[in-house]
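Lifted from TrEMBL, the feature list:
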type    : residues               : note
DOMAIN  : 4-112                  : domain 'Tetrahydrofolate dehydrogenase/cyclohydrolase catalytic'
DOMAIN  : 137-276                : domain 'Tetrahydrofolate dehydrogenase/cyclohydrolase NAD(P)-binding'
BINDING : GLY157, LEU158, GLY159 : NADP(+) binding site
Amino acid sequence: MRAIDGKEIAKEIIERLKKETAPQKIFAAILVGDNAASESFVKQKEKAAKELGVDFRIYRFPETSTNDSLRKEINTIVKLSRVGAVIVQLPLPAHINAHYVLNTIPPEKDVDVLSERTLGAFYNNRSNVVAPSVAVCEELFEREKINLQEKTVAVVGLGILVGKPIAVWLMNPVKSLGSDHGARKVKEVYLLDRGSDLEIIKKADIVISGVGKAGLLQSEMLKHGAVVVDFGYSFNGEGKICGDFNYDELHAEGWYTPTPGGTGPILVAKLIENFYIVNRGNK
């Protein structure tokens with residue numbers, strides 16, 4: 001299978017953004033606790049933002065933060081007029097209610113598309129921005145000239161960052177002139193969460209996975225010529241960063257996004273692009 005170079009695609013997106021004037025606003029990232037992976041992800045976002053001259057600031061809070069104290073702190077940051085976007089790096093400590101905290105972020109500053117109001121607008125095709133994971137799929141399918149209306153898609157894992165927004169996006173109809181209904185975006189969609197029978201993947205032309213379990217999916221599960229968009233991120237028994245798919249065994253036709261270096265860099269670039277979109281025209 002052909003590996004997609006996510007770093008190169010991300011570089012092209014960043015270069016495209018360099019042609020615009022960077023928003024004169026703060027991009028605020030909330031980091032709670034001492035999760036090494038979260039720290040790494042935030043640093044990647046900071047690096048991309050700084051390359052564009054964006055004022056990216058990390059606000060750190062202790063692992064012992066409570067739901068109410070964290071929400072209060074984020075609410076203070078959100079209300080600052082000079083703050084143009086706020087993201088909360090997930091996962092949060094187990095005792096924190098993620099939805100309770102995320103709902104502090106108003107749609108006009110929610111570039112991760114995770115608060116209930118922003119998600120509602122996105123689900124109803126009324127959001128100015130799309131979830132970064134959806135934007136990654138749009139970018140890849142456009143580049144690879146994939147006509148989704150002819151494809152059967154399997155979405156593996158239904159988390160709030162990847163599976164749920166992508167599933168909704170796939171099932172939302174394509175808007176068309178003169179019609180309130182629109183055409184189906186894809187031929188068929190299979191939604192598979194933890195514990196689902198993965199045998200049905202064999203019917204899919206496109207497999208999109210975001211479970212975060214190394215080696216969950218094997219090459220023999222794939223239809224001949226299928227393509228794989230892998231958002232999974234975890235470590236195998238040897239401590240190596242892996243996606244959900246065992247790429248060592250992928251010998252079929254088609255293409256896939258490797259981990260690392262596949263969807264990750266594009267996700268970061270799309271998040272920064274959302275920051276530009278929500279702040280266009282803001283001084």
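Note: Cβ is positioned from N, Cα and C throughout, glycine not excepted.
In sequence order, VAL155, VAL156, ILE160, VAL162, GLY163, LYS164, ASP193, ARG194, GLY210, VAL211 are the residues of the same chain, not among GLY157, LEU158, GLY159, whose CB sits within 8 A of the CB centroid for the NADP(+) site. Neighbour counts were taken at the CB atom with a 10 A radius for the binding-site residues GLY157, GLY159; the maximum falls on GLY157. Applying DSSP to the domain 'Tetrahydrofolate dehydrogenase/cyclohydrolase NAD(P)-binding' (137-276) sorts its residues as follows: 45 helix, 34 strand, 61 coil.
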